[in-house]
Amino acid sequence: MSQERPTFYRQELNKTIWEVPERYQNLSPVGSGAYGSVCAAFDTKTGLRVAVKKLSRPFQSIIHAKRTYRELRLLKHMKHENVIGLLDVFTPARSLEEFNDVYLVTHLMGADLNNIVKCQKLTDDHVQFLIYQILRGLKYIHSADIIHRDLKPSNLAVNEDCELKILDFGLARHTDDEMTGYVATRWYRAPEIMLNWMHYNQTVDIWSVGCIMAELLTGRTLFPGTDHINQLQQIMRLTGTPPAYLINRMPSHEARNYIQSLTQMPKMNFANVFIGANPLAVDLLEKMLVLDSDKRITAAQALAHAYFAQYHDPDDEPVADPYDQSFESRDLLIDEWKSLTYDEVISFVPPPLDQEEMES
C-alpha cells in the first residue's frame with residue numbers, strides 16, 4: 001500500500017463486497033476458510049496470476065485483531081524461494097479511522113502436494129527434490145524462531161516444475177474440534193503436540209516432514225488415525241513405546257499414566273516397513289520419526305544428509321533475518337492491534353520483480 005493511493009473498484013463475489021485496486025482483474029473465488037476468502041486474479045502490473053485473500057472480520061475481537069497482525073507480520077518477514085511471501089497488501093480505507101478490511105496478495109500456486117500424491121507414486125528423485133525444498137524452507141523459517149505447527153500436504157504448494165512453497169505457517173492454532181476424528185489436520189502432527197505431552201520445539205515440523213516423506217515414498221498416509229488414541233497406537237507400532245526417561249519428562253500426569261499403561265512395544269525395523277525404498281531415504285526417515293524431540297534431526301542437519309547429495313548446497317540454504325515476535329506476549333486492545341496492523345499495511349514495500357516469473 002505504499003506510494004500514492006491507487007484507484008479501487010468494487011464487486012460482489014460470494015455475497016461479499018470486494019474492493020480492490022484496478023491493477024487486479026478477473027477475480028474469481030477459489031476458496032474460503034474461517035479466516036478469510038480467496039480469489040484468483042490477474043495482476044496487470046506484473047502479468048502474474050495471484051491469490052488475493054480478504055480477511056474476514058479482521059478486527060472483530062482481540063483474538064482476531066492479534067491474529068491479523070500476526071499473519072501480516074509473518075508474511076512480510078518471509079523472503080525465501082520455498083516459503084510463500086507477500087506480493088502486496090492493501091486496504092480501501094483512506095485513514096486509520098476508516099480501516100476495517102485487509103487484503104493480502106501472494107503468488108497463485110497451481111496444485112498442492114495432495115493433488116500430486118493422489119495422482120501417482122513418486123520416483124525417488126522426485127521425493128528427494130520435494131523433501132529437500134521443504135527442509136530448505138523450514139531451515140529458513142526455523143532460523144527466525146518460527147514453528148509452522150501444521151505442515152501437511154495441503155499446505156505445500158507445487159508448480160509444474162516441481163518447485164515447492166510452504167504455506168500457512170506460524171498461524172496454526174487448531175481448535176480441539178478440528179483435531180477430532182479421522183482428519184488430516186492430525187495425521188501429520190508430532191505426538192508431543194497432539195497430546196500436549198510437554199513444551200514442544202521446532203522439531204515438531206520435522207516429524208511432519210517424516211510423515212509426508214513416507215507418504216510420498218509409499219503412496220499411503222503413514223499414520224491415518226481415526227482419533228487421538230488410535231493415532232498414537234499407529235505411531236508407537238512403528239517407533240516403539242517411549243523409554244522411561246522420556247515418560248518421566250512429561251509434565252502431564254495423565255499422559256504419563258496412560259503411556260505407562262501401554263504394552264511395551266519395540267521399534268520396528270524401518271527397512272522392513274519401507275521395502276524397496278532407497279536405503280538413504282529410510283535412514284533419514286529413522287532420524288525424523290523419533291519420539292524424543294530432542295533426538296530428532298533438525299532441518300539444517302537433514303539438508304546435509306547423504307540422501308540430498310545431488311541438491312545440497314550449503315551456500316544456497318539461507319537463514320532469515322531476526323524476527324521480533326515480542327508482540328506475542330503483549331496484551332493490547334482491539335484498537336491498538338488495529339493501529340499496529342495499519343502501520344504495517346502502510347509501510348509495506350513490494351518485493352523486487354523476479355524476471356523469470358514475469359516471463360513464465
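Cβ atoms are placed via backbone N, Cα and C, with glycine included.
Annotation source Swiss-Prot lists active site, proton acceptor at D150, citing sequence analysis. Residues or ranges marked as ATP binding site in Swiss-Prot: V30, G31, S32, G33, A34, Y35, G36, S37, V38, K53. Residues or ranges marked as domain 'Protein kinase' in Swiss-Prot (evidence: sequence analysis): 24-308. Summarising the annotation, Swiss-Prot assigns phosphoserine to S2. The N-acetylserine annotation in Swiss-Prot covers S2, and the record cites similarity to another entry as its basis. Taken from Swiss-Prot, the feature phosphothreonine applies to T16, T180, T263. As annotated by Swiss-Prot, N6-acetyllysine applies to K53, K152. Under the heading phosphotyrosine, Swiss-Prot lists Y182, Y323.
Feature map: Swiss-Prot annotations on the structure.
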residue	record	contacts (Cβ under 8 Å, 6+ apart)
T16	phosphothreonine	S37, K54
V30	ATP binding site	V38, C39, A40, A51
S32	ATP binding site	N14, V38, S56
A34	ATP binding site	S56
G36	ATP binding site	K53, K54, L55, S56
Y323	phosphotyrosine	H77, A144, D145, I146
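T263 (phosphothreonine) and D150 (active site, proton acceptor) have their C-alpha atoms 30 Å apart, to the nearest angstrom.
Other Cβ atoms within 10 Å of the Cβ of the residue listed as 'active site, proton acceptor' number 22 in total over all chains. The ATP site is defined by V30, G31, S32, G33, A34, Y35, G36, S37, V38, K53, and by the 8 Å test on Cβ atoms against their centroid, the other residues of the chain that qualify are K54, S56.
Taking every pair among V30, G31, S32, G33, A34, Y35, G36, S37, V38, K53, the residues listed as contacting ATP, the largest Cα to Cα separation comes to 14 Å.
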